[in-house]
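What follows is a set of notes on a single structure, which appears directly below.
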Amino acid sequence: MKMDVEEHAREAGVELTDAENELYDRQIRLWGLESQKRLRTANILISGLNGLGAEITKNIILSGVNLVKLHDDKLVTEEDFCSQFLASRESLGNNRAEASLTRARALNPMVDISADTQPLSEKNADFFGQFDVVVINGASNEELLRIDTICRELGIKFFATDVWGMFGFHYAGLQKHSYVENVIKYKVISKPNEKVKYETVSTPVQREVEYPSYSNWLEFNINAPNYQRKLKRDGPGIILLRVLQNFRSTYKRDPNYKTRLADIALLEQIRDELVPNSALSSDTLGLLFAQISPAVAVVGGVVAQEIIKVVTKMEAPHRNLFIFNPETCMGYVEQIGVH
Amino acid sequence: MAAAIDGVLPATLQELVKKSKVLVVGAGGIGCEVLKNLVLSGFTDIEIIDLDTIDLSNLNRQFLFHREHVGKSKARVARESALSFNPDANITAYHDSVTSTDYGVNFFKKFDVVLSALDNRAARNHVNRMCLNADVPLIESGTSGYNGQVELIKRGLTQCYECTPKEKQRSFPGCTIRNTPSEPIHCIVWAKHLFNQLFGESVEDEDISPDAADPEAQEAAAEVKDPGAAGDAPDGLKEKETEPATANGNIVRINTRQWAKDCNYDAGKLFNKFFNEDINYLLRMSNLWKSRKAPVPVQWDTLLVDGAGSKGPELARQTHKIWSLEECAHVFANALKELSAAFLKLEGNDTLVWDKDDQPAMDFVAACANVRSHIFDIERKSRFEIKSMAGNIIPAIATTNAITAGISVLRAFSVLQAKWEQCKAVYARLRLNGRNQFLVPDAFFPAPNPNCYVCASDPAITLRIDTKRVQIKAFRDEVLIKTLNMVNPDVTVESTGSILISSEEGETECNEQKLLSDMNIVDGVILKCDDFFQSYELSIIISHFDAERDDVLFEVIADKNQLQPKEEKPEEPEAEPSSRKRAANGNDATDDGPSTSKRSRPTEVEDDDDDCLVVEDDDDAEEKVQESVEDTVAAATNKLTVDCPQKTATKRKPSKTLDDEDVEDITEILDSSDEEVVGPTKCKRTKLEETRAGEVINID
């Protein structure tokens, strides 16, 4: 199957142990031994240990990567108990990354897991350079742009992601990414006078795709006339993302349940300034507080699956902006800055 | 605990979450995730039921369980772990089967919503009926690899789980298994049968010896009919050939087990019998090899000149390697030693149960299947691959389960708020559809099937059945219980009111061994079936047919329009790659066709065999619609347990009444209730069906 597929020297010759084969049996049956070996060498940074961070962490640790760094300088609050299941009730007021360590390690003793509590703004290229994939959650657009730029220089795969209440997104900055995709074709196997029967033939194909930088999203004009038809079709999720990021940079915080009504009014104000007469309803703005567990599970599942795709170099990662609409449960991908 | 904090959720939803009572059926991959989402969202009144215990291979995704929990009850450990996330929740855990009569309609009526995260069709069918009867909304979910689905089932609003016919399990004609295998799966099924012949529960339809009654081999069979002429007939053959009943082709049926025991399970003797003598016997059925490559028998002594050493255990651990023939022999010898020792320790009539996770049992099947494959020039497989096929393992990953469970609980929010328009089915896929979606909600609720034999107002089915060959007991066990998923049916004959089958123990035992035709259950008779526990009544219209050899003995036809003689075997549905569905959302599960045929639920979808096809769309001139190929292969029977002897869908007529009729001999590949059985994994994909990929049956 790997005939015309590039060889990766780093993984060559590394056999999984019996214990690994047994633990990862069901997923090896899906993505194959080679992918599992690649996962085992991967080092992942997860910055922002809120509910979303916890979900991504859980899924990535379960998949059997080499190392996960949990990074956060914030403390556990009551709000975290809406979805941050790695921090116990007793850890209220402690650092979120450190509070997550015990349960994170219990998920898979074979993964090297540690915490880092230094503020993100103090982290530079030396820090990010230790990882294969960097996932940043809960940061400002300025920070995201800074880290994306560092990652582009170092060739590190970058994900920005967030969930507000039930709404979420991720942005993939993967630079040049090559992967293998299995292309399925049908082959007629019946004889001419028989009923037509087919056999599927799966051929691995190597592809290479360019992922634009995060700056493309910051510069993206959602009011551009040629975008309006698409906006109508896919719904106002992308407007909502803009509104929320705008709220974060304006007020240096996210909408807060303690000031629910006032914050909905602020969101409405931003909405009307950004995109007058948009389809973004005020009902939807009522779903944006704290992080609601099932929605976080969806977005965290998607982001973790993207990390797995990137690490295993199997299947196309979403290019490049993923939006989850919690009311319809539609998850779709918008191409930003892709030509 | 979102609902416990004012301002987090909208007020109406907050109240509903706080006061609603929720049932989670299944504490596996989806169930663990669902339970976490529920307690964190602030549900405080939760019950969870699962009969399973924790296995090591669960731990890569069922994250409420850790290594120290292996062997413990899933429901109970899940409860404990979830309580640590939210100590304010009240969770009741049942380590039990949801189909137990302890959980009747009144049990289900307690709940505001039921979230099902099951791994097998029978339990899904049952929960479907209980929720329909209790009129409780059911959110049904499943995953298979990268694919997931969530759908609401609500009486009067949506299709029920049984509105669409199920994918049939693939079955293989007996003579393919016994005489003329051509695919690895044939050899794997044969090897599992061999296991049962030697150590397992003896199942009539699982013979492994050459089938002399193979119609294709008739002349050849005649040649060897005289045991004197066949002087070199294998040991086991001789005795049987003196019996007149060999017309059924089963040469060594009962005696294989005794013979092996008498040989002290000598690896060389057994090996030569199965892989040399029996193959030589097959070779004498020369008709079989006129258009096929003839098998090449192998010999123990030439293979292992020095006998089997101690290499077996080490080789058996090389699960990804394709063993050489000699290596297979080593593994065979070692597995045989362990299995026979275990078997001889059993008391009375106890037997071993084949289990894919039992090392020697799996080694034995892998080795035997590969030796047989070698003999018939079929591709050999690694132990890892054979385990997938023999154990019907569906691959499962944490991310798909998390996504699916998340959608399931979001749908529960909508259900509690009665926002039904927001409850359309959702499908998770690996690849984007033509609208760049990979979490794809249906565009509309497919209408309930007016002919559904479960949720229609007066449900009825037509049953094509060979009334001259099916006994009342088999009719009850195979048709009513196994196929129609009743639990404890009562059956009366409509025209006379006489009781054919009673749910009261012993009441109709005298009928059990009689054939349907003996009881005047013939073409055109209508039977009234009533399952009190499920509150399910069904009329069955009998349509007699004379089954051919290798036909299954009955077929349920839910839609009367489908009642036509069929040329095709049911397990080989016609490939229709050209039929294009109008997929409103670029979603392959929505269709405009008759609701009876296309939206087949249990599609055992594997991986993501998506193919891009071009169809027209309302806003874009062309859009790609993903179409999945489903794997129609469902591999061999899993776990032939002593407790459930009725594992085959066909019953052979007792041999004393055989006369000159053709004998039917089908190897039916069946579902079982094990976690992974619902679908195939690594089976070779050979068939292309209609786009049914929208549906995934879980798994877990």
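Any Cβ shown, glycine's included, is placed from N, Cα and C.
Among the ranges B:223-248, B:483-508, B:665-690, the one that TrEMBL lists as region 'Disordered' is B:223-248. Taking the mean position of the Cβ atoms of B:CYS160, B:CYS163, B:CYS452, B:CYS455 as the Zn(2+) site, the remaining same-chain residues with a Cβ inside 8 Å of that point are B:LEU132, B:GLN159, B:TYR161, B:GLU162, B:PRO448, B:ASN449, B:TYR453, B:VAL454, B:ALA456. Counting residues per DSSP class in helix, strand and coil order gives 18 helix, 28 strand, 40 coil for the domain 'Ubiquitin/SUMO-activating enzyme ubiquitin-like' (B:463-548). Chain A comes close to B:ASN60, taken from the recorded positions B:ASP50, B:ASN60, B:ASP119, B:CYS160, B:CYS175 by a C-beta to C-beta distance under 8 angstroms.
For the binding-site residues B:GLY26, B:GLY29, the greatest number of Cβ atoms within 10 Å around a candidate Cβ is found at B:GLY26. Taking the Cα of B:CYS175 (active site, glycyl thioester intermediate) as the reference point, the closest of the binding-site residues B:ASP50, B:ASN60, B:CYS160, B:CYS452 is B:CYS452. In this structure, the recorded positions under consideration are B:ALA122, B:CYS160, B:CYS175, and the one with the smallest number of other Cβ atoms within 10 Å of its Cβ is B:ALA122. Between the CA atoms of B:ALA122 (ATP binding site) and B:CYS160 (Zn(2+) binding site) there is a gap of 14 Å. Taking the C-alpha positions, the distance from B:ASP50 (ATP binding site) to B:CYS452 (Zn(2+) binding site) comes to 28 Å. Here the binding-site residues are B:CYS163, B:CYS452, B:CYS455, and the one ringed by the most other CB atoms within 10 angstroms is B:CYS163. On a Cα basis, B:ASP119 (ATP binding site) lies 19 Å away from B:CYS163 (Zn(2+) binding site).
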